[in-house]
Amino acid sequence: MMNTCVHVKVPATSANLGPGFDSLGLALSLYNEVYFWTDDTAKGITVTVTGEGKGIETLPAEENLVVKSIQSALVATGNTLPRGGRLHLVNRIPFKRGLGSSSAAIVGGLLVGNQLAGNTLRKNQLLALATEIEGHPDNVAPALFGGLTVSIMVDQKPLTHTLRLPQELQFVVVIPEIEIETETARKILPAQVDRQTAIYNMGRIGYLLSSLWLHQYDQLQEAMQDKIHVPYRLPLIRGGKEALQAALAAGAHGATISGSGSTLLAVATTKTQEIARAMTEAFASQQVAVQTHILSGVDTGASGVIEEKR
Ligand code: HSE
């Protein structure tokens, strides 16, 4: 019998970018990798993990989000999950921190399933499946396509435009030890907003995109302001307010919460080490430990290949 190894790489993502709640997202140069070996002699799928989320290998395989997503792609192509196999996850994206770890798991699984199915699903079909599983397109779109993505929902189906990020931009990503469940961070938001709030956010989404288009970053912090989610979520991140202020004082053009938090994302063209240090110190002054990464935006999204057949 022929066995196959599929290898997939998926970037971390940062959603919202301030005003673009559930719509904007960007892909970052931090990757999870997924390896899947089919094994016709095995019964069931075994899961091993290195890096973040080590405990998840103890979950039954059918509850693993990557396995479920492999199955979704296979079902969508009229196939079934292989009888046996081994899944190995190299996780570099921390869990529950607003950097798209669940989107990376979904997109990673879908790409594995699609490779096993002979690569028959197109990226837009993968986007629709990923959005259905995740619930909103803003993280899954950049994970799949790379770049800066602008997504809308039309009759429950996502439409996405992918823009190239200006090369000179760097992203200082500061990840506090605080875990935030996206579901909890969504429940605390008001169900409705008034017209002034809608106008405030709509104008800023346009201004943010035009600032990037024009490579004009002097008003980026104003463009990244938001009234729909940030004011409600920032209090969940001890030291977050101080760290955002520290980022700007140290030279960031703009800074906000990444996704639903707890990570903060600062956008810069210079002084990235100083910004990371200032944000780390602001968190430390509130007794919060952090990890930091200085990342670039990536224009290529997830990729999958069949590495070996024997
Ligand atoms: N747009 C989502 C939110 C991203 O902010 O809740 C997190 O998955």
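Quick reminder: no glycine exception, Cβ is built from N, Cα and C everywhere.
Features reported for this protein in TrEMBL:
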{"type": "BINDING", "residues": "Pro94, Phe95, Lys96, Arg97, Gly98, Leu99, Gly100, Ser101, Ser102, Ser103, Ala104", "note": "ATP binding site"}
{"type": "DOMAIN", "residues": "64-147", "note": "domain 'GHMP kinase N-terminal'"}
{"type": "DOMAIN", "residues": "217-284", "note": "domain 'GHMP kinase C-terminal'"}
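Overlay of TrEMBL feature records on the structure.
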residue: Pro94; record: ATP binding site; CB count, 10 Å: 23
residue: Lys96; record: ATP binding site; CB count, 10 Å: 20
residue: Gly98; record: ATP binding site; CB count, 10 Å: 28
residue: Gly100; record: ATP binding site; CB count, 10 Å: 32
residue: Ser102; record: ATP binding site; CB count, 10 Å: 20
residue: Ala104; record: ATP binding site; CB count, 10 Å: 31
Revision key, fill the gap. Note on ATP: the CB centroid of Pro94, Phe95, Lys96, Arg97, Gly98, Leu99, Gly100, Ser101, Ser102, Ser103, Ala104 has further same-chain residues inside 8 Å, namely Ala12, Ile93, Gly259
Review point. Can you count helix, strand and coil residues in the domain 'GHMP kinase N-terminal' (64-147) using DSSP?
Key: 49 helix, 8 strand, 27 coil
Practice item. Tally the residues of the domain 'GHMP kinase C-terminal' (217-284) by DSSP class, grouping H, G and I as helix, E and B as strand, and everything else as coil. Key: 34 helix, 9 strand, 25 coil
